[in-house]
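Under the heading S-adenosyl-L-methionine binding site, Swiss-Prot lists E43, E68, D123. Annotation source Swiss-Prot lists active site at D123. Per Swiss-Prot, substrate binding site is recorded for K127, D159, T199, E200, Y201, E202.
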Amino acid sequence: MRLRKKNWTDDFLNQHSFYLINYNNKKIDLKQIFLNNNPTCLEIGSGKGQFITTLALKNLNTNYIGMEKSSTITGVALKKSLKEFENQLKDMTNLKYFNNFAEDLSQMFSSDSFNKIYLNFSDPWPKTRHYKKRLTYVKFLDIYSDILIKNGYLEFKTDNDSLYNFTIEQLNLTNKWEIVINATDLYNNTEFLKDNIPTEYETKFHLANKNIYKIVIKNLK
């Protein structure tokens, strides 16, 4: 997501560096980062942090990482997360943020690092010439398969018809994934809505009567 530069975020991130992951050209050791062996989940494009903060508060024995390209957005998300944990009188020990690009995930993390990956309302990159930048392009699907455990899951949500169709096409180009949920109208499916956690964008789009797609795929390696 795009967000105008906020002058306070750099200082805020420096003051709260404990909650940030820094990549120094070595594989990131998640056990060292979280000081436990709990399952770890990754949200690629964590936005203002509503989704991953809600997950982390609901599942204190699972580790979560929110990844964004923009340090400004990360600052906004981290501030929100810390406030939500404080409001519930809980220490934020299972949620970290970091800035980087999805292209670099295999360099930063070892194989089988994550139990689940979330892609929520990623940039659809609508121009045809930009199709390789879409986060469900087959190159990215291969990266996710590498860093995800066998039989781990990737959850994808979008309101964009073209990105949904593109994602299905890309999944048909690889044998590393099995589609286990393909909801073409999430909010008319009570079964899939039971445990649904909406993002900021999702709430906005749903209130505007936009259709929401959800795909869940299992990593076959």
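Cβ from N, Cα, C; glycine included.
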Winner by Cβ contact number (other Cβ atoms within 10 Å) across the binding-site residues E68, D159, E200: E68
Among the binding-site residues listed here, E43, D123, E202, whose Cβ has the fewest other Cβ atoms inside 10 Å? D123
Just to be sure I understand the packing, how many Cβ atoms besides its own are within 10 Å of the Cβ of K127 (substrate binding site)? 8
Cβ neighbour count (10 Å, all chains) around T199 (substrate binding site) is 23
In angstrom units, rounded to an integer, how far apart are the Cα atoms of Y201 (substrate binding site) and E68 (S-adenosyl-L-methionine binding site)? 15
Which one is closest to E68 (S-adenosyl-L-methionine binding site) in space, judged by CA to CA distance, out of the binding-site residues K127, D159, E200? E200
Grab the substrate binding residues from the record (K127, D159, T199, E200, Y201, E202) and give me their largest CA-CA distance in Å. 25
